[in-house]
Amino acid sequence: MSHQTGIQASEDVKEIFARARNGKYRLLKISIENEQLVVGSCSPPSDSWEQDYDSFVLPLLEDKQPCYVLFRLDSQNAQGYEWIFIAWSPDHSHVRQKMLYAATRATLKKEFGGGHIKDEVFGTVKEDVSLHGYKKYLLSQSSPAPLTAAEEELRQIKINEVQTDVSVDTKHQTLQGVAFPISRDAFQALEKLSKKQLNYVQLEIDIKNETIILANTENTELRDLPKRIPKDSARYHFFLYKHSHEGDYLESVVFIYSMPGYTCSIRERMLYSSCKSPLLEIVERQLQMDVIRKIEIDNGDELTADFLYDEVHPKQHAHKQSFAKPKGPAGKRGIRRLIRGPAEAEATTD
């Protein structure tokens, strides 16, 4: 399932889509404005689709602004006219804009009608989405030739739609997440936590400056943890969980990603979701911090002593169990959401 941005088409836009599917238009340019899909340009056909293509499509593409273009072919299938779906995401556009358009792509296809879309073309430069670029794309689909960079990026976007989060990689960018720089004091606080000189570090994203900054390092006991979770904004939390398990005293680092539902803006939700994995990779690889559990919550009320203990020591992995105990009643606390790393997922599969 792709990441949901909450952006939808208005009734006016849906009416334009209906007229387009009936053959009235050769091209539609769609943008995202004020968290809505809007049609910025409609063009009726002038000639054959090949003769219309470059003169219709290329002038609409801006150097620093992503958009979608729906271009109608002259061919039809059982549902009506067939269309090319063009996702334009230029190299010099803002990372946040790229993420937003990538996250909303599946929504637009659904609103327009996926059965009408014959081909999808993804481009970062105009050559990718020109008529020549489209024909190269068709050739690549019918042969085992290596994919172009743009085609490979489209393939990765499709893979991510089937998985969970939307993505784009660092501030140098791949499709695995956005690695915003970590401020010096935030990094130093994480170092102190790894050495157990601190027991709690809270980080936030400075959206304006695209940086992960330090928010809180207040000494925190387990009973204090719920009070550290903001009710109106997202945060990352690293907590040194001190507890006993089967007679052993343990100090385990737990990562908590708090996202208070839809009280946060779409942009904030997307940024926190996309920056999460690269941040954890830095913490685990560069700082050699062993993050024992990764948890996602909506609010601090979930962080009870029993909840945290059960997350760190799931009953199905409990040791020294002399006989198989019957399962407790289902749904006692609802479904817990864990952010599983690759190693955990592999262990679960085994």
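Just so it is clear, glycine is given a Cβ too, placed from its N, Cα and C backbone atoms.
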Would you mind telling me which of 113-146, 317-350 Swiss-Prot tags as region 'Disordered'?
317-350
Write down the residue from Y200, Y272, Y309 that Swiss-Prot flags as phosphotyrosine.
Y309
Can you tell which of the modified residues (S277, Y309) has the fewest other C-beta atoms within 10 angstroms of its C-beta?
Y309
Between Y309 (phosphotyrosine) and S277 (phosphoserine), what is the CA-CA distance rounded to a whole number of Å?
23
What three-state class does DSSP give Y309 (phosphotyrosine)?
helix
Within the domain 'ADF-H 2' (175-313) only, compute the mean pLDDT.
90
Using DSSP, how many residues in the domain 'ADF-H 1' (2-139) fall into helix, strand and coil?
57 helix, 45 strand, 36 coil
